[in-house]
Each structure stands twice: as C-alpha cells, then as structure tokens.
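*Asks:* Shown below is the structure under consideration.
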Amino acid sequence: MTNVPPTAESAILAGAEPRTNTRKVFIKTYGCQMNVYDSERMGDALTGDGYQAVDTVEAADLILINTCHIREKAAEKVYSQLGRLAKLKKQRNAEGGDLMVAVAGCVAQAEGQEIIRRAPVVDVVIGPQTYHRLPQALAKARQGERVVETDFPAEDKFDGLPNTSARAIRARGVAAFLTVQEGCDKFCTFCVVPYTRGAEVSRPVDRIVQEAQRLVDAGVREITLLGQNVNAWHGKGADGREWGLGELVRRLAEIDGLVRIRYTTSHPRDMDDSLIAAHRDLPELMPYLHLPVQSGSDAILKAMNRRHTADEYVRLVERIRAARPDIALSGDFIVGFPGETDADFENTMDLIREVNYAAAFSFKYSIRPGTPGAGMEDQVAEAVKTERLARLQALLSEQTRAFGRQCMGKTVDLLLEKPGRNTHQIVGRSPWLQPVIVDAKAGKIGDIVSVRITETDSSSLFAERVEC
Ligand code: SAH
Ligand code: SF4
Ligand code: F3S
C-alpha cells in the first residue's frame, strides 16, 4: 500500500488539524544580526514561493537552519541539531510526509559538501551569497536532488530577493535591520568571516535609501544598518562624490519618520572623521557604538592583524567622546589568543579600565580551521583561558552595572517596541540600547516617550512617564 496524505475531511474525522496546500517553513537563526536580517529576507523569498512561516519544527514541511561558524561551539551546534532532525524526518517519512531540511549561513559556506556527507538528513546547503537562488534550490531538491550552492556570484543577492511586504515589516516591529555592507577584507588571523562571507561589498546608496523608505512607510522608526564591517561601507552619493558611512547616515536622517539610526559592527580602522562628525551633528544617530578592540596588547593586536595599537584605539575613543560626550561604548574581546602572556592579558584589563564600557561580549579564543591563528604556536591552555575570561568578565560586568546605576533618576527618551511579559507593561529601548520597562499606559508601540528611570535590576531598567 502506498502512503497518501489524508484528505482534509478524513483528517478532521481523525481529529487532526486539516492540512492545507500551503507549505510551511520553520526558520532557526544562529549567529549575528546579519543572519537575522538574512533569515527575514529568505522568509520573504519563501513567502513569495508559497510558504507560510510557522514557529515549531513539528508544524513545518521545510526546516531552514541559518548557521554561524564563528567559534567551534557555534558550528558544532548545527550538527547536533541535524542529528535530532534526522529522527524527526525518519518519523515523518514513515508517516508518508516529505520533510525537507536546508542549511544556510556561514557553516553552509565553510563546509559545503561536507554537510551533505556528514548529515544525510540535509537536502539543500546554501551559502550566504546565494539566497536569491533558494526557491530554485528547493525545487531541485523536491525532484530528489541534493543541492549545494556555495558560489560567490557577481550579482547582488538582495536584487534577486523580493522586497519585504509592508505586512511583514509591520509584523517584525518598529525597529528594523538593514544590511548595507557584506563581507570583510580585514583578515584578522582568528576569524572565519572573510572566508564565509567573502570580500567586502557595499550596497548602492539608492537601494539602501529605497529600502529604508519602505521600512519607514510601513511604520519602522529605528533602523540599524548592518555590515560585517559596516563602517567600511562606501558608495557613490547623490552628489556624485564617493560617500562613506557618515554621509550615508546623513542622507538617511533626512527621511521623515526615521527617528533613530544605529549601525554595527565597526572596525576601529574605518572610523573616519565624517562618521565621528555625524555623531556630533545628528540627533537621529543614537549615542551607542559597538567598537570591538579584541585585545589591549600591541603584540597580540599585531599577531591578530588588527592593524592598530591599543593607544590608537584609546585615542580614537577620546575623539569620538569629544564629538558626542554621552556616547556609550561596547566592545568584543578575545582571551587566550596564541602567545598571549599574563602581561598581554593585563594590558587588556588596563585598556578596559581606561575605556570603561557600557556593554561587552567576550570569548575564549577558538581555533578555526583554515585561519592563520589555527597554525600558530603557543596556543594557550584551556584552563588559562577560563581563568582569564572569568576575570575579564567580572570587570566588564561591573562596568555594565555601573552604567545602569548611572542612569538612575535620569530622564531619557524611549522608543516603545513591544508588549511586556505582563499585560500592564510595555518595553522600550533607551538611546543606549537598554531595554526599559514602563507602564503600558505610557504610550503605544512606535511612540517615543520621555521617561524617568526609577529602578534597576540585573537585566532591566524600570521607568515612569514624564510629562513634557
Ligand atoms: N566584524 C567584527 C566582528 C565579527 S565576529 C569586528 O571586526 O570586530 C564577532 C566577534 O566574535 C569578534 O569581534 C570576536 O571578538 C569574536 N570572534 C571571532 N572569531 C573568533 C574566534 N576564532 N575565537 C573567539 N572569538 C572570536
Ligand atoms: Fe573578522 Fe576581523 Fe573582519 Fe571583523 S574585521 S569580520 S573580526 S576578519
Ligand atoms: Fe557567525 Fe557568519 Fe555572523 S560566522 S557571526 S553568522 S558572519
């Protein structure tokens, strides 16, 4: 006997949900904000291809995993998840279903064919530059082919993807991501990104402005411009001159209704005068900057190929703070890079004390195959990395808490973003990216309201509306 799907009627009789013809996709995203944005855009392409998004694997006909390769743990997560999905697929197939599994993102790019070999459950492997080919790849997979798409094509993937509908934009909320730049030419010796995302490419000004306008027309009030190296963005401006990110931000700030602009992630080497001046001049550009330094030791910075010294970084921070005194800084740190001595590590601690961060992300160095760091001698013992990371995180957490305490009693503008956990509350964001909880009567989602910070616990701030 062959398995045939039940008709809607027999499914209802059997007490099950009627299955419609619409295919359903579950998307799971790992990694950075650029993956979040890419998942949204792949979601748009799949909607155009007749799919509907669902939020459980059980309800899905297609499971799309958008992966991250930045550290070993991140990459290994993918294989353990694929192991679990293999069981689900077997069960589905036994019931006559045809569950498909696709792997996108940086693991897809880095491992390609190897994923198909290690994980027979996978039907499609698709790298970050070929997402516009996803519907065709799935169509081939439905014919029984196992597809691997990991080219770096000349065409712009975003041009090949459908525009996000106003409905989808509204569903995603009042704060949106917009990728303006992709890839990286910096080749820090620890990092996989230049290999998984390819060379630096900037999207053209007109495409970015059109996309920002569409977002704002659908109700978005805050846009975060994204790039692996966002401040390396450059392009031909409306005035015929070559623009950098500072000029782009100025242009976007002219869009009526766009009240907040942010950008991430920046490299210290690409923080030019025009971008610093934009922080000085534009109230729309939020006073928060993620500016990773990785280490405070010149020897380690050199070995990492960061191409600046610790002192140059500190001087840069001074210039940025002179332009925008209330700016909050966040950073990324790696401990235990090959050759890092106790003295090198202490230099990092000193730099952290000198800069004083509002937020930070810190990691033990993770060997990434194919990067120069992997072949370096003097790899640091795991126990040393653990001890250094704990000390570094204790210092950074204290700085973050102090930053929160310093906000007590202050009056700040909040962009109200989403309902709180409890129906009487609404959550907004301060200019410094802090989630702040206020009474739901303070305003509606999308409003900017003036509030006074009244209370703080370990993760959130609480505030009350101030009439102005
Ligand atoms: N483009 C950004 C960073 C992208 S990756 C920049 O230049 O700063 C995000 C962070 O992951 C990095 O800043 C770094 O701190 C961390 N990271 C990257 N590779 C790593 C590795 N091999 N081991 C540990 N952390 C790593
Ligand atoms: Fe990776 Fe360095 Fe490029 Fe950042 S600048 S993405 S850390 S290679
Ligand atoms: Fe990860 Fe790729 Fe982003 S490796 S951090 S998903 S660019």
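Yeah, the Cβs are placed from backbone N, Cα and C, and that goes for glycine too.
Automatic prediction, not curation, is the source of TrEMBL annotations.
In case it's useful when we look at the structure, here is the feature table from TrEMBL:
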- C32, C68, C106: [4Fe-4S] cluster 1 binding site (BINDING)
- C184, C188, C191: [4Fe-4S] cluster 2 binding site (BINDING)
- 23-143: domain 'MTTase N-terminal' (DOMAIN)
- 170-402: domain 'Radical SAM core' (DOMAIN)
- 405-467: domain 'TRAM' (DOMAIN)
*Asks:* Going through the binding-site residues C32, C106, C184, C191 in sequence order, which have a CB under 6 Å from an atom of ligand 2?
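*Replies:* Listed by sequence, the hits are C184, C191.
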*Asks:* If you run the three-state DSSP split on C106 ([4Fe-4S] cluster 1 binding site), which class comes out?
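*Replies:* Note: C106 ([4Fe-4S] cluster 1 binding site) is helical by DSSP.
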*Asks:* Return the residues near C32 ([4Fe-4S] cluster 1 binding site), defined as same-chain residues 6+ apart in sequence whose C-beta is under 8 angstroms from its C-beta, sorted by sequence, else 'none'.
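*Replies:* Correct list: C68, I70, Q228, T265.
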*Asks:* Return the single residue from the binding-site residues list (C68, C106) that has the minimum number of other CB atoms within 10 Å.
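*Replies:* Each of the binding-site residues C68, C106 was scored by Cβ atoms within 10 Å; lowest is C68.
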*Asks:* Taking the recorded [4Fe-4S] cluster 1 site as C32, C68, C106, identify the other residues of that chain whose CB atom sits within 8 Å of the mean position of the site's CB atoms, giving them in sequence order.
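*Replies:* Near the [4Fe-4S] cluster 1 site, beyond C32, C68, C106, sit Y30, G31, M34, N35, T67, H69, I70, A74, G105, V193, T196.
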*Asks:* As a test of reading the model: what is the averaged pLDDT for the domain 'Radical SAM core' (170-402)?
*Replies:* 97
*Asks:* Pull the DSSP breakdown for the domain 'MTTase N-terminal' (23-143) and write it out as helix, strand, coil residue counts.
*Replies:* 67 helix, 24 strand, 30 coil
*Asks:* If the criterion is a C-beta within less than 6 angstroms of any ligand 3 atom, which of the binding-site residues C32, C68, C106, C191 pass it? List them in sequence order.
*Replies:* C32, C68, C106
*Asks:* Compute the centroid of the Cβ atoms of C184, C188, C191, then list the same-chain residues not in that set whose Cβ lies within 8 Å of it, in sequence order, for the [4Fe-4S] cluster 2 site.
*Replies:* K186, F187, F190, V192, V193, P194, Q228
*Asks:* Just to be sure I understand the contacts, which binding-site residues have a Cβ under 6 angstroms from any atom of ligand 1? Candidates are C68, C106, C191.
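*Replies:* So the answer is C191.
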*Asks:* Near the Cβ of C191 ([4Fe-4S] cluster 2 binding site), how many other Cβ atoms are there if near means within 10 Å?
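*Replies:* Taking all protein chains shown, C191 ([4Fe-4S] cluster 2 binding site) has 21 Cβ neighbours within 10 Å.
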*Asks:* Between C106 ([4Fe-4S] cluster 1 binding site) and C191 ([4Fe-4S] cluster 2 binding site), what is the CA-CA distance rounded to a whole number of Å?
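*Replies:* C106 ([4Fe-4S] cluster 1 binding site) and C191 ([4Fe-4S] cluster 2 binding site) have their Cα atoms 12 Å apart.
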*Asks:* Neighbour count, 10 Å Cβ-Cβ cut-off, for C184 ([4Fe-4S] cluster 2 binding site): what number do you get?
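*Replies:* C184 ([4Fe-4S] cluster 2 binding site) is surrounded by 23 other Cβ atoms within 10 Å.
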*Asks:* DSSP secondary structure for C191 ([4Fe-4S] cluster 2 binding site), reduced to helix/strand/coil, please.
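*Replies:* It is coil.
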*Asks:* Taking the Cβ of C188 ([4Fe-4S] cluster 2 binding site) as the centre, how many other Cβ atoms fall within a 10 Å radius?
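*Replies:* Its Cβ has 23 other Cβ atoms within 10 Å.
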